[in-house]
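Before any comments, here is the structure.
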Amino acid sequence: YYHLHILYFVGLSLLGALLLRSFGTREGSTHSHLSFLDCFYTAVSAMCLSGLSSIQIEDIPAPGQVLVMVLMVLGGQVLSLVVPLLVKKHRYCKIARMALRPRSFKVVFLEHQAICHLADIVVWYLLAVHLLGFVVAWISIQCSSNAKSVLESKTINPGFFALFATISAFNNVGFVLTNENLVAFNTNSVLLLDLGLVILLGNTLFPVALRGILWLVHRYTTGTKKEVYTLLLEHPRKYYLHLFPKTATLWLLLAVTGSNALGGLIFCALDWNNEALDGLRPGEKLVNGLFQAFSTRSGGMNSLNLVELSQAMLFFYCVMMYIKPYPVLLRGEQSREDDTTLLTQSRRNLANDNTFLFLLVVFISISLNSQMEKDPRNFNLFAILFEVASAYGCVGLTLGYSCNLRLQPGHCKDTTLSFSGTWNAPGKMFIIAVMFIGR
C-alpha cells in the first residue's frame, strides 16, 4: 500500500501537469504559455494539499481550474483514506463467505458490519460538510455587494467560486479563484467563519466529529447495531486511521481549541492595530484573527496580507505550520495501543523528516544564493524557512514577493504568486520534494 500510495500521488501529479499545460492560459492573462515545471509544481501542490502556487490562479482557464479542483479532491486526506476502508470492507466480505464455524462467523459478521457502517458514515460526512459549506458560502456572497462586485470585475461565477473555495477549504489546500486569495473578502465575516469551520472539519476536527457521530448513533440504537458501534468505539485503531480512542480524542479537541484560541489571542495582542487591518471594524478584526488561526495549521487561506503582520506573529505561524496536531503516519503494524501516543509519533516523525528538511533548506539556500545577495529583503532565510514550513505542513501560507522591499532599482512587477513560485528551477524542484515529504 505504501508504494501504491507514492505511485498514486506522483502519477496523478504528472498527469495533472500534462493536462494543465495542454489547457494553456486564459485569454488576456499575463502569461502566453505555462512551463511544464510550473504546471507540475501546481499539480503537486494541489495533490499534496500544499496550496502554494507558481501560476496565478486567474491565468488558468476554466477547464484548468476544474482540473485543479479535481486534483484537490483526489489528494484529500479524508477521501484518500476512504480507499483503505473500502479495501477492508471487501476483505471482510471475502472472509465472511469463507467462514464455516458458527462461533467465528459472528465475529467476522460484526467486524464486517462495522466496516460497512463506518464507510457509509465517512462518505455521508464528506457530502454533508461540502454541501452545507457550499450553500453558506454561496449565500454569504450573494448577500454581500462587495463580494459580488469583486467577482464580477474578475468575471468569476459566484457559485463556482463558492464550490471551489469549499472544496479547497475541506481538503485544506488553500487555493482560491482570486489571485489575492480571500483578502478582498475580509469584511465578509460569514464567509470567513464558514470556510474556517470547513477547514477544521476537513482536518484537525475530523476525528473528533467522526467519533462524536459514532457515539450519538451508538446511544440511540439497539440490538446488533449497538454491538457494531460498541466495537467501533472500543477498538477504533483497528478500523480507521482517523478514529481515535476516547481519551486521545478529548486531548485532540483540547489541543485544537487551545491552539486556535492561543493564535487568536496572540493576533489580537500583536496586530490589533496593524495597518493590514485598516478599515475593519472590531468584530471583523476578531473574525480575521480567528480565521488566520484556523487556517494556519493546514488551511492555507489568508484574508490578510501576511507580509504586513508583525515578525513575532509570522514566527508563531511558522511554528504552528510545522507542528503536527496529531499523528497521521501510522502504519498498520504500528497501530498498537502503546504506540499511538503523540510523544511517540512526534519523535519518530521528527527523526525521519528533520534530516531531509535540513538538507533541503541547505540546497534551496545554495540554489537561491545569488538572489539572496541581490535582494536580501525578499530572499532571506526566514522567508525560506516560512515557505519550507508551509510546504512541509501542507498549509499554503506564503510571504510572497514584494517590489517595495527591493533595494536595487529597476523594473519590477508585484505578483500574487507564492514566494517559492518566484524561485529558479532547482529551488522549485526542492520545494516540490518538501511537499511530497510533508504529504
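A Cβ is built for glycine as well, from the same backbone N, Cα and C atoms used for every other residue.
Sequence annotations record features per position, and here TrEMBL assigns transmembrane segment to 6-24, 36-55, 67-87, 108-139, 159-178, 190-210, 250-272, 304-323, 355-372, 379-401, 421-438.
Here the transmembrane segment (355-372) does not lie next to the transmembrane segment (36-55) in space: the count of CB pairs under 8 Å, restricted to residues six or more apart, is fewer than 3. Remark: the transmembrane segment (36-55) contacts the transmembrane segment (421-438), by the rule of 3 or more CB pairs under 8 A. Stretch with the most C-beta contacts under 8 angstroms to the transmembrane segment (67-87), considering only 6-24, 108-139, 159-178, 190-210, 304-323: 159-178. Panel annotation: around the transmembrane segment (6-24), residues 33-36, 39-40, 42-44, 46-48, 60-61, 63-64, 67-68, 71, 74-75, 80, 436, 439 of the same chain, lying at least six beyond its termini, place a Cβ under 8 Å from a Cβ of the stretch.
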